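Asker: Copying in the features that TrEMBL gives for the protein in this structure:
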| type | residues | note |
| --- | --- | --- |
| TRANSMEM | 42-65 | transmembrane segment |
| TRANSMEM | 77-95 | transmembrane segment |
| TRANSMEM | 121-140 | transmembrane segment |
| TRANSMEM | 170-189 | transmembrane segment |
| TRANSMEM | 195-215 | transmembrane segment |
| TRANSMEM | 247-269 | transmembrane segment |
| TRANSMEM | 289-309 | transmembrane segment |
| TRANSMEM | 321-342 | transmembrane segment |
| TRANSMEM | 348-370 | transmembrane segment |
| TRANSMEM | 434-454 | transmembrane segment |
| TRANSMEM | 466-487 | transmembrane segment |
Amino acid sequence: MGHGQVDNLLCWSTICMDCRILVSTFGYGTPYLVSLGLSPELIALVWFAGPLSGFIIQPLVGAFSDKCTSRMGRRRPFMIIGGLLVCLSMVSIAYSKEWAATLCGKKRSNSPLDDEEIKKMAIMIAVVGFYILDFSLNAVQASIRALVLDIPPVYQQEAANAWAGRMLHIGNIVGYFTGFLDLLALFPFLGSNQLQVLCIVAIIVFTLSLLYTCLNVKEQIYEPVDNDPRAIRYLPSPIQKICNVQFFSWMGWFPFLFFSSSWIASVYARTHSTDDPDYFDKSTRYGSFALLIYSWTSFVAGALIPQITPTSPSSKNPFTIYNIYIISHILFALIAWCTLFVNTVEQSIILIGSFGIPWAISMWVPFALVGEYVQQEDERQIEENTDVRPLNNNDIEQDTCMNLEHSPTSSSTTSTLENEEKFAAGMILGVHNLYIVLPQLVVSLTSSMLIKLVNDITHDENNDKFGWVFRFGGIMAIIAAILSRYLDDLHVCRR
């Protein structure tokens, strides 16, 4: 791998890390909104911004950036605009009370400030800020993922996505660790409370890394691409198979992402009195510590596991990228069902930490497979538009691979193939993201019904309702493992 190629991988990876640092600040979101006086029901609507932005923004940014002919490149303009909005939204969230007081003071300059009016204004500013942050962060992330697909050749897709995954895990670690620090004591000149200082630090790191990436990643200027919106009906078979797996995989992951801290708190409540004035703080710290262990585990796994996968499809090494993906789903299911045997906080921390292994694989394998497919399509179309060159064994294998991928079924037509070819990196990532966002919506509804069912059956506040949500996720992971077996027929397409 050349020096410049390594630099590019580090550029994409660095910005991925900083996106995770920003995402980790969402851990302060709920307590902050509660401090503003927002009800739990309305807080749930605020966090609906996550799936909503993923459902809308990532496909749109992907499609529009595919068509972008800016001299800056296809993805860079969206990264810059999204980055500016990220910074603005972070400031509005951190300083919502101060902004509210200023706005209300201008409206009522001849009378004392109305605390209730300031409170309502602060809530409105914070909620709008969270929505803008979600939408703009999704735009930046969509552009980053598209960059990783655009530039590295097929043989570097695994390395590029592995680096992106590693830096995502580092971002988690740095984000959670930074939240533990007393930032107000370290940087009192950056704000008057922990959240303000955390937001300013995150903005500085994010801005520097975004600037570094934009200056160092070399994009080509593209001619307009005619993407037919109806092409979504003709999703290429390899991508469709990956998306099917992703749907059930994330049906398993979202229960964990939603309720891991709540589950640890419920385990803590079984062995400690809830009358303890420090109960909430202690249970929250245990949850944060467990997630920190989980982040470290995912980082180590993300660094080591890609090293044991074979680089050649003819290798007899059983730890292929496909087998590892299947194993990750099975491992997730086993860990999820092990919650039946957890009785102490220490056990729950170990269990949460072990989720980092399948998480590292989920952040790497599917994106690497999508990236390889997109790059193979790009190379195939380039070859079709250039002079015919002598075939060697690799060419024959590549041509056979493409024919297999695009061979029409009994119901396929030539127009289907044409529509498949119209997919570019941004659009494919946008569609792929839909299969991640939709499970979030489904799990939100399903988990609520499951928790209510467990409560109605047990009539016990300290029941294992969150554990049963985890186990539901384990069942979904088994379905994902079964579907992952059908990805193995794509191995002939890998170099």
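Heads up, the Cβ atoms here are built off N, Cα and C, so glycines get one too.
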Asker: Does the transmembrane segment (42-65) make contact with the transmembrane segment (434-454) through 3 or more Cβ pairs under 8 Å, each pair 6 or more apart in sequence?
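Answerer: As far as Cβ distances go (cut-off 8 Å, pairs 6 or more apart), the transmembrane segment (42-65) and the transmembrane segment (434-454) touch.
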Asker: Counting only CB pairs under 8 A, let me know which of 77-95, 289-309, 321-342, 348-370 has the most with the transmembrane segment (466-487).
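Answerer: Out of the listed stretches, 321-342 contacts the transmembrane segment (466-487) most.
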Asker: Do any residues, 6 or more residues outside the transmembrane segment (77-95), come within under 8 Å Cβ-to-Cβ of it, and if so which ones?
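Answerer: Distal contacts: 15, 22, 25, 32, 61, 64-65, 68, 70, 125-126, 128-130, 132-133, 135-137, 139-140, 142-144, 191, 195-196, 198-200, 202-203, 206-207, 210, 213-214.
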Asker: Below 8 Å between Cβ atoms, which of the listed ranges 170-189, 247-269, 434-454 makes the most pairs with the transmembrane segment (289-309)?
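Answerer: Ranking 170-189, 247-269, 434-454 by Cβ pairs under 8 Å to the transmembrane segment (289-309) puts 170-189 first.
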Asker: Who are the long-range neighbours of the transmembrane segment (434-454) in its own chain, taking Cβ under 8 Å and residues 6 or more past its ends?
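Answerer: Same-chain contacts beyond the ends: 50-51, 54-55, 58-59, 243-244, 246-248, 250-251, 253-255, 258-259, 463-466, 468-469, 472-473.
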Asker: Which residues, given as numbers and ranges, are at least 6 beyond the ends of the transmembrane segment (247-269) yet have a Cβ under 8 Å from it?
Answerer: 279, 282-284, 286-288, 290-291, 294, 329, 332-333, 336, 339, 342-345, 347-349, 352, 355, 359, 362, 366, 435-436, 438-440, 442-444, 447, 462, 464-467, 469-470, 472-477, 479-480, 483
Asker: Quick test of the contact rule: Cβ under 8 Å, at least six residues beyond the ends. What residues does that give for the transmembrane segment (321-342)?
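Answerer: Distant Cβ neighbours of the transmembrane segment (321-342) are 158, 245, 249, 252-253, 256, 263, 267, 305, 309, 348, 351, 354-355, 357-358, 361-362, 365-366, 368-369, 464, 467, 470-471, 473-475, 477-478, 480-481, 484-485, 487-488, 490-491.
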